[in-house]
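Engineer: Annotations per TrEMBL:
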REPEAT    44-74  repeat 'PPR'
REPEAT    76-110  repeat 'PPR'
REPEAT    179-213  repeat 'PPR'
REPEAT    214-248  repeat 'PPR'
REPEAT    283-318  repeat 'PPR'
REPEAT    385-419  repeat 'PPR'
REPEAT    455-485  repeat 'PPR'
REPEAT    486-520  repeat 'PPR'
DOMAIN    701-793  domain 'DYW'
Amino acid sequence: MTQQGIQPDLITYSVLLKSCIRSRDFNRGKLIHACLVESELEFDTVVLNSLISLYSKCGDWKMANSIFGEMGSKRDLVSWSAMISCFAHNHRESEAVITFYKMLEHGQYPNEFCFAGVIHACSKAEFGWIGKVIFGFVIKTGYFEADLCVGCALIDMYVKSEVDLVSARRVFDEMPVKNVVVWTLMITRYTQCGFARDAIDLFLDMELSEFTPDMFTFSNVISACAELGYFQLGQQLHSRAIRSGLAMDVCVGCSLVDMYSKCANDGSVDDSRKVFDRMPYHNVMSWTAIITGYVQSGGGDFEAIDLFCKMLQGEVRPNHFTFSSVLKACANLGDKKMGEQTYCHVVKLGLASVNCVGNSVISMYAKSGSMEEARKAFDILFEKNLVSYNTIVDGYTKNFDPEEAFQLFNQIENTGMGVSSFTFASLLSGAASIGSIGKGEQLHARLLKVGFNSDQCINNALISMYSRCGNIEAASKIFSEMEDKNVISWTSMITGFAKHGFAKKALEMFHKMIKTGIKPNEVTYVAVLSACSHVGLVAEGWENFKSMEREHRISPRMEHFACMVDLLGRSGLLDEALDFIYTMPFQADSLVWRTLLGACRVHENMEIGKLAAKQILELEPNDPAAYILLSNLYASSGQWKDVVDIRKNMKERKLTKEAGCSWIEIENKVHKFFVGDTAHPRAEEIFAELDRLGCKIKDLGYVPNTDFVLHDVEEEQKEQYLFQHSEKLALAFGLISTSGSRPIRIFKNLRVCGDCHSAMKFVSIATKREIVVRDSNRFHHIKDGKCSCNDYW
C-alpha cells in the first residue's frame, strides 16, 4: 500500500496496532507507532487507546501513562479502563487505585473492565480492604451478575490479598453464570493454596455440571492428586485426558510427570519418564518436572544430571527451578565439581541472586564439606529468607561447627523474621554432635518460650540431643511427655537406650512400640540390633534379625548385616561372623569388613584380621582406617616390622590417621584435647592433677596396661604415653573445673582407650564422681568403680 504511494489513514493504523497486540508482536507495534508519528496525522481516541494497550502489554507502563496524560479531552471510558488495567498488571497497584478514583472524579461511570482492573490491583494484602469497598460498588451496579471477568477478579482478590478461600468460594457460588474458565480458576486457587482435597471435590462438581474440562483444569486437578498421593485417581485423570485429546498438552504432561514421580509406590520414575518421552515437544517446565522427579526419587541423581546436559544441548533454557533441582542432585552426590560447573551456567544467565538457586548452592557446598564456599554463597544472596538461614545453619551443624551455627541463629532472631522448627532441629543436632548439653538446654528453654514444645519434630530432636549428650533421663522424660509419638520418636528412644548400654530397656521399648501399633522401619532395627550387640545378646540379635522380614517385611540392608557381624565379632564368634558375611545376599561393603577387622583387633585374631583388611583395601584402597586397624593388630602382638611396613605404605599413599581428640564442655565453652596436649591455658594444672590422680588410683590397685601403647618403646615411656591420652587430659580438666555434684561428661571422636576406661573406674572411686564418656561406639556411665558397659564394648 505504501509502495503504491497510498497514505494509510487512522483506521488502517488502528487495525495494524490491534493486530500487533493480539499476536504480541510488540516490536512491530512500536515501529507502527513511529510511522504514525512521522505521518503527522492527528491521533484519535481509538488509536491512542490502542497505543496505551500496546505499551501496557509489553510492560512499558511509563510510555502508556505518558500517552494517557497527553490525551486530555480525548480520554473516554476505554482510555481510563486501559490505564487502570495497565497499572494493575504492571505491579503499580496504588496508581491503579488512584486512577480509578480520578476516573470517578471526572464523571466517568465504570464498566466491567474498569472494575476487573481495579479489583485485580487490590489483590495485595495492603489493598484488600479497598477491594471489599469496590465489591460493594460492583454489587450496586449489577456487574457482578452480568460479567464473568469481574467475578474472576473478585475470586483472585480474596485469595491473593488474604488467602480467604471461604470468601472466594462464596463469590464463586453466588455467580449466576459460570464457564470453564471460572471453574478452572477456583480449582487452581484451591490447588495453589494447599487445599488439594477441595480442588478435587470441585472438579467432581464441575463434571456433574456437565462442563468439559480444558488443559488447565486437568493440569491443576492432576497436581492436586500429586500433593495428596492419589495415584489411582491420577491414573484415571490421565486416561480421561487421553480420551479428551489433551494428554499431549505440555501443561498436562508436566503435571502427569510430577504426579507419577510423587505417587509411585516403589519410588520409581519410570512412568514419569514414559509420559515425558511421549510428549511431542518440551518446554522448561517439562524438563524441570522430570529432572526434579529423578532428584526427589532418592536415587536418580545421575539421571537428573544427564537429562540436564541433554536439555542444555537443545533450545530450551533452564530456569531457576531447573538449576535448583540440578544443584540438589550435585549435593546428594557430593559432586562439588559438577555443582560448580552448574553454578557457572547460573551466573551466566543472571540467576545467582534468586533465593531458591542460592539456597541450593549453599546446600551443595555444605554437603560436600566446603563450608567456606557455602558461606560465601550465603553472604552474596541479595535477599536472604528463612530457608537461606536454615540451610547454612544446617550445613554448619552437619560439618561439626555448631559455634558458627549458633552465631547465625542469633542473627536470625535479630532480623525479626522468626525461627522455624527446622532451625531449632538443626541447632539441637549441632549441640548433640559436640555433646554441648549447655547449648542444648538453652535451646530447649528458647523453644519453650516461642511455643514449639508440642512440635513432634522438635521433641524428636530433643530426645536425640539429650541422649547423645549423655542425659538419657532427660531424653526419656521428653519421650514420656509426648502426646503424639511417631516411629522416629520410638526409634530415637530405642537408639538412646542402646547407645547408653541399657539393652534391656531398649528391647522393652521396642516390644512396647510394636504393641502400640507403630510399625518399625529399617532404622529401628539398626537400633535394636545395636542394643543386642552392645551387651552380647547373640540369641536375641538373631531372633530380631530374622523377624525383620518375617514379621514386618523389611529386607535387611547393609547396616543390618554390619550390626550382626558386630554382634558376633564382639562375642568372639569370629568364624561364625566370617561365615555370615559369605552367606550375605550381596557383596559385603567396607563397613562390614571394617567391623570384622575391629573385632579381630579386640580378640587378637591375626588370620581373619588379615583377610578382612585385604577385603577392605580391595574395596577402598585409600581408606586409612583399614591400615590403622591392621597396624594396631600387628602392634598388639608385637610384630613391629609389619607395623613399620604399614606406616611406610600409608606415608607413600599420603594417607593420614584421624587424630584422637577428646572434649569437655565447661560453662558453655567446649575445650578440646589431643594426646600430650600442652596448648591449653591451664595445662600445668591439668598435668599436676594427672600426677595426683595417678598416685591415688595406683594405691587403689590400678595397674597401667601398656598393651594399649602401640609403639615400640620402653615400658616406663609407655606408661608416660598412657597418661597423656586425650580422654585423661579432659578428665583432669573436668575435675579441676567443676564441683562434685554434677557428672563429668567427656566426648571422644574415636573408641575410648582400654587403659583409660580402666583408669576412669578407679578415678570414680577416688573422687566419688560420676564420669560419662561418649566415644565413637557408645556411652560409658562410670560410677563407684563400675561401668554401664560391664567392660563389654
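Each Cβ is built from the backbone N, Cα and C atoms, and glycine gets one as well.
Automatic, uncurated: that is what TrEMBL annotation is.
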Engineer: I need to check the long-range neighbours of the repeat 'PPR' (44-74): which residues 6 or more away from its ends have a CB within less than 8 Å of a CB in the stretch?
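Structural biologist: Same-chain residues near the repeat 'PPR' (44-74) but 6 or more away: 10, 13-14, 17-18, 20-21, 24, 26, 29-30, 33, 36, 82-83, 85-87, 89-90, 92, 95.
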Engineer: On the 0 to 100 pLDDT scale, where does the repeat 'PPR' (214-248) sit on average?
Structural biologist: 93
Engineer: Over the span of the domain 'DYW' (701-793), count residues by DSSP class, listing helix, strand and coil in order.
Structural biologist: 37 helix, 16 strand, 40 coil
Engineer: So which residues does the repeat 'PPR' (214-248) touch in its own chain, when a touch means Cβ under 8 Å and the partner is 6 or more beyond its ends?
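Structural biologist: Hits for the repeat 'PPR' (214-248): 180, 183-184, 187-188, 190-191, 194, 196-197, 199-200, 203, 206, 254-256, 258-260, 262-265, 275, 278-280.
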Engineer: As a quick check of your reading of DSSP, tell me how many residues in the repeat 'PPR' (179-213) are helical, how many are strand and how many are coil.
Structural biologist: 26 helix, 0 strand, 9 coil
Engineer: Going along the chain, which residues at least six beyond the ends of the repeat 'PPR' (283-318) come within the CB cut-off of under 8 Å?
Structural biologist: 250-251, 253-254, 257-258, 260-262, 267-269, 272-273, 276, 325-326, 328-330, 332-333, 335, 338, 342, 345, 349
Engineer: Please indicate, using numbers and ranges, the residues of the same chain that are 6 or more beyond the repeat 'PPR' (179-213) and have a C-beta under 8 Å from a C-beta there.
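Structural biologist: Tertiary neighbours of the repeat 'PPR' (179-213) are 148, 151-152, 155-156, 159, 163, 165, 168-169, 172, 220-221, 223-225, 227-228, 230, 233, 244.
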